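A short write-up of the structure that comes next.
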Amino acid sequence: MNPSSSRTDRMPAGIPYIVANEFAERFCYYGINAILSVYLVNFLHFGDAQATSWQSLFKSAAYFFPLVGAIVSDVFLGKFRTIMIFSCVYVAGCATLALNSSPLGIAIGLGMTAFGTGGIKPCVSTNVGDQFTASNQHMIERAFSWFYLSINAGSLISIIACPWLLPNYGPKFAFGLPAAMMALATVVFWLGRKRFAVVPPAGKAWLKDVFSKEGLSIILRLLLIYLFVAFFWSLWEQSNGQTWVLQAQSDLMDKHINVLGLFSFDVLPAQIQSVNAIFILLLVPVFSFGVYPFVARFTKVTPLRKIAAGLFVCASSFVVIAWIESRIQAGHVVSIWWQILAYAILTASEVLVSITALEFSYKQAPLRMKSFIMALFLLSTSVGNLFTAIVNDVMVEPLQASAVETGAQTWVSVAGADDMVVGQKIDFSGKTGVTVSVDGKTQPLAGTFMVAEIDKATHRVRLMDPIHRQPLVSEGQFDAAASQVSTYALVGPMYFLFFTAVMAGGALLFIFVAIFYREKTFVRAAEAGGNEVAAEEH
């Protein structure tokens, strides 16, 4: 019997449970991610680069552990049991974040959360594809679109809610709500256990598939693509709770939104990233039913061509962010609408790259390797975040600060002051012995501050609050031996232009990959136990 002869338009029964589970789990992950850098900077007094590095390492780990989850799922336990076990670890990690506010407790909580979310990632997304056979394969794109929309619906709500909870009710509630949602996600997935189509673990046969000539060939070809996708994620993730949000904290970013005179409101810095989810909801159908059919009239629209276009679009979004940073550094007020424009451009690139690569990865993988291939795809996000963390660590340059003059103004005697510029950031850590007043609250001289004035004659710089740009009131005796003082090699807009150049260069090289890559699609046959169907595409 030809597996394609019994075509059906019915959506598999397990899909609603997978989509609902994904909504709640993504609410949890993006809720934590939305407030993490703000929490580290404003509550634990991390420097901007240190907070970005911590968050990048957290996300790098979250996208590395899918390799572990894929192997456990494909070789030993299967998808359902793997998801349930890692979900329990996930819930415990979220609870730790809510209940422990020390740096060590946060590190442990983030580690458990990364392990849990990473372990389930390749299993949940491939579980979508496993529900389909050759008879309803034509509906898989719709299912993946609903799956992706659930991700963004969950993230949209959490990115609005959690940043509001953090300043108003504190970290326990802000991290506690995501923990509760993850517990709900686990229960919902368990309720769907009898409705899922199950692909049993391959056991030792998995090793034969992976290390076969065809398996290694598929892996190596996909890794080449994922290398370029990694740089996309390096840029995209910075809009997701990291450098873009820290930029939006400045009072020079006018965060008042007026929508055609119909209504207006102010947004919190960490809430601005929610427009990404809104643009996803808008742009997915626009591209699916408008852009792609229109372009198809003139040329063939292939997955790799979509990805190539998306890489160029991604680079252009950082040009806008670099321009915003240059205006803020110069002391000019910038409307939040400019950052919203950058989000719109970046989201368009996400539709072109992320959704396309997700579906492409599933179709290019043999049946018993799908979770592993999906883990390799997710590893590209890990590599991208690791690259960001490395850049933020490497760009930190130590400064020799010999004295701090306290009072109504705070002056720092520092070697190399003549080479600094107004608006440049300076980080303090360690036991400085100095306290400062920031936003009406007293805190240690720790975290990131900004150069307000330079006295070249005395080699001193005057500090100001980087958010409100007000003079820094301080008191105490500076302990140079117990303090660490540093600045950043990539100053202001140069940081964002660096990533723009990296992405643009990668996009140019990817054009050649798109030209010479040959696709091979694998789908599951309709009959139980049937062989998979493979098709070459040229």
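Cβ atoms here come from the backbone N, Cα and C positions, even for glycine.
Annotated in TrEMBL:
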{"type": "TRANSMEM", "residues": "27-45", "note": "transmembrane segment"}
{"type": "TRANSMEM", "residues": "57-77", "note": "transmembrane segment"}
{"type": "TRANSMEM", "residues": "146-166", "note": "transmembrane segment"}
{"type": "TRANSMEM", "residues": "172-191", "note": "transmembrane segment"}
{"type": "TRANSMEM", "residues": "218-236", "note": "transmembrane segment"}
{"type": "TRANSMEM", "residues": "275-295", "note": "transmembrane segment"}
{"type": "TRANSMEM", "residues": "307-324", "note": "transmembrane segment"}
{"type": "TRANSMEM", "residues": "336-360", "note": "transmembrane segment"}
{"type": "TRANSMEM", "residues": "372-391", "note": "transmembrane segment"}
{"type": "TRANSMEM", "residues": "495-517", "note": "transmembrane segment"}
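The stretch in closest packing with the transmembrane segment (275-295), judged by the count of Cβ pairs under 8 Å and taken from 57-77, 146-166, 172-191, is 146-166. Among residues of the same chain six or more beyond the transmembrane segment (27-45), those with a C-beta under 8 A of the stretch's C-beta atoms are 51-52, 54-55, 58-59, 62, 90, 94, 97, 101, 103, 106, 110, 113, 117, 154-155, 157-159, 161-163, 166, 171, 174-175, 177-179, 181-182, 185, 240-242, 245-246, 249, 269-271, 273, 443-444, 446-448.
Looking at 146-166, 172-191, 218-236, 307-324, the range that has the most CB pairs within less than 8 A of the transmembrane segment (495-517) turns out to be 307-324. Taking Cβ pairs closer than 8 Å, the transmembrane segment (172-191) reaches residues 17-18, 20-25, 27-29, 31-32, 35, 39, 83-84, 87-88, 90-91, 94-95, 97-99, 158, 161-163, 165-166 in its own chain, all 6 or more past its ends.
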